[in-house]
Amino acid sequence: MKCLIVFGLIVALFGAFVGYGYVVFTDLTKPLPKPEFKDDTYWGPGDAKDFVPDDKIYEFKLQVPQSEIDDLRKELNRTLRLTDPLDGIAFEYGFNTYALAQFVDYWRDKYLTKWDERQELFNSFKQYKTEIQGLNIHYIHEKVSEEVQETKHVYPLLLLHGWPGSVREFFDFIPMLTKHSNITDYAFEVVAPSLVGYGWSDAATRPGFNAAEMATVLRNLMLRLGHKKFFIQGGDWGSIIGSNLATLYPENVIGYHSNMCVLHSPLAILKGIYGSFYPEKYLPNRFFVDHHFPVWDKWLELLQESGYFHIQATKPDTIGAALTSSPVGLASYILEKFQTCTNPGLQQDFGAIVTVFGLETVLDNLMVYYLTNSATTAARFYLENVSKAYRDLQLDRVQSPVPMGCARFRFDLPSVTDWQLRDKFPNLTHSMYFQQGSHFAALEMPAMLFNDFTAFVAKIGLHGEVRK
């Protein structure tokens with residue numbers, strides 16, 4: 001009799017445990033409602049009650065004083081106090097100091113001597129500034145010609161960069177989107193802003209400016225320009241911001257295309273672990289398994305390459321002070337990211353950056369951070385996006401009805417599968433795998449990104465309906 005009672009208790013406890021586990025699992029994995037979100041928070045200097053809004057749009061032209069270029073040349077001319085790399089080591093310990101010395105020599109002796117030419121390239125794009133929520137936002141705004149309007153379907157496009165990138169990433173990509181010469185039926189009125197705290201856009205003056213707030217400012221920028229509905233394309237932070245915008249303001253988004261398709265909801269993580277045991281079951285082709293699996297190896301790679309993330313997400317002002325006070329330090333820190341974002345076969349090659357991106361291109365991007373003194377304010381964005389206030393929004397668990405397109409480049413950060421992505425974007429309408437390319441797709445292979453983006457657009461109607 002006692003055995004039966006004990007057995008009954010064990011069964012009851014097991015049932016209670018299973019039931020409780022089911023409740024917890026359901027609670028952690030169910031979609032959440034869209035949170036209420038304030039769309040006019042003031043982020044500028046001083047008190048909001050003293051702020052006088054200015055909705056005018058001002059032309060912007062890059063005009064760097066020669067004295068600033070001369071000062072940089074003097075900084076780069078100082079004797080470098082670099083430690084030699086270990087014997088037999090290329091870039092395994094960070095950016096190789098022999099390579100860094102060569103970059104510094106080229107930057108000082110060749111690149112800066114033709115700064116007028118580089119500045120002219122920046123100014124070849126129409127640029128503006130306007131105040132949004134107390135912040136002066138810088139953006140490229142390239143419209144299409146009358147000929148293009150007459151022969152192609154033209155859509156507004158919000159084009160978003162990340163870190164350590166800038167609008168410079170899009171200099172080859174934008175003409176493909178706007179010109180008559182592109183071979184598709186589509187063209188785009190491109191708005192490519194410098195993110196808040198990046199480039200020539202103001203930084204927030206108080207804590208709390210996370211990706212949801214960034215999405216709100218950039219959505220309000222598009223409304224300022226008269227675009228109530230628009231496409232979004234982004235990678236890196238641009239992907240996170242685009243996802244947040246499509247979640248909080250789906251009524252404004254025709255379609256959202258990402259070249260960094262990540263999702264960190266509890267359900268997505270569990271699916272990733274489960275999928276690692278049956279990888280081919282959830283992929284369109286067995287050749288794409290190594291984009292996602294083994295999941296443990298992918299997490300280890302992220303851990304190995306995310307040291308910068310932990311620094312910037314905890315003490316951004318510390319690393320910012322080091323970077324803003326030393327152009328050589330800034331170069332080492334940013335160039336290392338570009339070196340890593342080539343591909344595994346080139347990461348230890350001294351010519352990888354030149355081969356994949358081009359020397360002038362990465363120095364142009366570096367100059368954006370140097371000239372705008374934005375290393376600190378850009379790094380702070382990491383801390384804001386791991387804060388409790390942002391985590392409590394749980395936007396990865398809020399579904400968006402917006403049509404979504406995903407382009408996965410082989411050597412980018414590990415993306416999620418369609419099986420995971422549909423938990424967030426049930427209207428996933430386009431999914432593509434590329435067996436080449438890395439993190440800076442618009443910079444490395446703009447034509448491939450253009451083809452994929454326009455293939456996505458071709459599946460979407462003007463109002464966001466999927467074309468059958």
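Glycine is no exception: its Cβ is also placed from the backbone N, Cα and C atoms.
These come from TrEMBL:
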type	residues	note
DOMAIN	58-170	domain 'Epoxide hydrolase N-terminal'
ACT_SITE	Asp236	active site, nucleophile
ACT_SITE	Tyr382	active site, proton donor
ACT_SITE	His439	active site, proton acceptor
*Any same-chain residues 6+ apart from Tyr382 (active site, proton donor) with CB under 8 Å of its CB? Would you list them in sequence order, or say none?*
Trp163, Phe309, Gln312, Ala313, Pro316
*For the active-site residues Asp236, His439, work out the Cβ neighbour count at 10 Å and name the residue with the minimum.*
His439
*Whole-number Å distance between the CA of Asp236 (active site, nucleophile) and the CA of His439 (active site, proton acceptor)?*
8
*What average pLDDT does the predicted model assign to the domain 'Epoxide hydrolase N-terminal' (58-170)?*
96
*Summary of DSSP states over the domain 'Epoxide hydrolase N-terminal' (58-170), given as helix, strand and coil counts*: 47 helix, 25 strand, 41 coil
